[in-house]
């Protein structure tokens, strides 16, 4: 499906829970401010089934921390049984060592691990948890079982800016495929922490100089730089960036049962909780959810636009 701004809808991002065992001071919470209502596995898979009918072929599981859901493996398995080409997950990595093999067997294709520091001290300052070594072990386990490409997310801010290039070195040593250097943006807790925002221009300019190739990713038109080691560094700058919004191909299912068309906005969401929890047959629910998706596509628009 194509929205009225010519953007294809290709990716479904599902928030499985708001609960997290870390306390990152900038967490954007997927742009959600509602209660931590947990949709059932059946609810999630029904929405995913309808989304698949609209041509969506990729699902990203997020949180909170998705590995805290006891039915995570079953959800992954169900998504693959629906025929999704790509099922991935973003995690803090705390429980990954124990879950990596089970998730791989269930059909998880790849994984993003949030690692916002390269030292135990900075890691604890950012997350509130002394778990740096445990997360590193989780990353190694993901690589070992074949959850590739393994990508690391690093939200750049004034507390960790000096660790960026050591983070690149660590990533190369770990053997990960790709890292994302992400701009802190004012969503969720990031609204309160935006004073820690740090401009990525100087960092990106240096990375471009040392790279051997530059690419532009279709999603969000993000710049990607291939280093001599083969590591890919992707720079993610969503804030006040109309180019980023012009390349958005996502729709989100919130933890409290809403179709969210934009990370930054709460004024154009479609509440589908009553459909999911209503006393309807599954066929009727599918029809009503299909209508909800049509409305969501119709009202979907970039948050940041070019001013002409």
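The backbone N, Cα and C atoms fix where each Cβ goes, and this holds for glycine too.
What Swiss-Prot annotates here:
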DOMAIN    4-224  domain 'Radical SAM core'
BINDING   13, 60, 90, 151, 250, 251, 252  GTP binding site
BINDING   20, 24, 27  [4Fe-4S] cluster 1 binding site
BINDING   64, 114  S-adenosyl-L-methionine binding site
BINDING   245, 248, 262  [4Fe-4S] cluster 2 binding site
Secondary structure at residue 114 (S-adenosyl-L-methionine binding site), reduced by DSSP to three states: strand
Largest inter-residue Cα distance among 13, 60, 90, 151, 250, 251, 252 [record-listed GTP binders, Å]: 21
Candidate nearest residue 251 (GTP binding site) in space, where candidates are the binding-site residues 20, 64, 114, 245, 262 and distance is Cα-Cα: 262
Confidence summary for the domain 'Radical SAM core' (4-224), mean pLDDT rounded: 91
Spatial neighbours of residue 250 (GTP binding site) among the binding-site residues 20, 24, 27, 64, 114, 262 [C-alpha, 10 Å]: 262
Sequence-distant neighbours of residue 151 (GTP binding site) in its chain (C-beta under 8 A, six or more apart): 110, 111, 112, 113, 176, 177, 178, 179, 180
